[in-house]
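Chemist: Here it is, the structure in full.
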């Protein structure tokens with residue numbers, strides 16, 4: 001399996017509960033390296049652009065409001081099969097359906113406040129990484 005990069009966001013519900021270290025430990029335990037990380041407060045424009053794929057969905061406004069409600073931690077993760085590996089350790093979007101030991105089973109509050117985001121494909125990972133990081137911020 002190839003070394004690849006994926007994008008991660010630790011959402012406001014996770015940062016509000018100081019879970020960055022606990023989530024990072026799960027990421028690293030799974031064999032992924034955190035090659036870039038920063039804590040930011042997303043602007044409304046950033047959140048609307050990031051979640052533009054959901055613009056027509058009824059939850060779009062609520063999602064954007066949630067993502068700008070507090071700090072987030074944006075990350076670039078690297079490793080063999082990083083995209084699928086991170087999606088596996090995140091767990092199902094609905095924490096009640098997430099497997100034991102996954103980030104969402106351990107830390108998510110609800111479907112809406114599900115602690116983390118991870119890219120779903122190579123192409124989306126590249127776009128999402130570029131939205132928040134310049135090349136010199138990624139130290140692989």
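The backbone N, Cα and C atoms fix where each Cβ goes, and this holds for glycine too.
Heads up, here are the entries from Swiss-Prot:
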ACT_SITE  117  active site, pros-phosphohistidine intermediate
BINDING   11, 59, 87, 93, 104, 114  ATP binding site
Chemist: Any same-chain residues 6+ apart from residue 114 (ATP binding site) with CB under 8 Å of its CB? Would you list them in sequence order, or say none?
Modeler: 11, 13, 93, 94, 95, 104, 108
Chemist: In terms of DSSP three-state secondary structure, what is the assignment for residue 114 (ATP binding site)?
Modeler: coil
Chemist: Which number gives the other C-beta atoms within 10 angstroms of the C-beta of residue 87 (ATP binding site), all protein chains shown included?
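Modeler: Neighbour count, Cβ to Cβ under the 10 Å cut-off: 17.
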Chemist: Whole number in angstrom, please: the longest C-alpha to C-alpha distance across 11, 59, 87, 93, 104, 114 for ATP.
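Modeler: Those residues reach a largest Cα separation of 22 Å.
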Chemist: Could you state the CA-to-CA distance between residue 59 (ATP binding site) and residue 117 (active site, pros-phosphohistidine intermediate) to the nearest Å?
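Modeler: For residue 59 (ATP binding site) versus residue 117 (active site, pros-phosphohistidine intermediate), the Cα atoms are 16 Å apart.
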Chemist: Could you measure between residue 117 (active site, pros-phosphohistidine intermediate) and residue 87 (ATP binding site) for me? Cα positions, answer in whole angstrom.
Modeler: 9
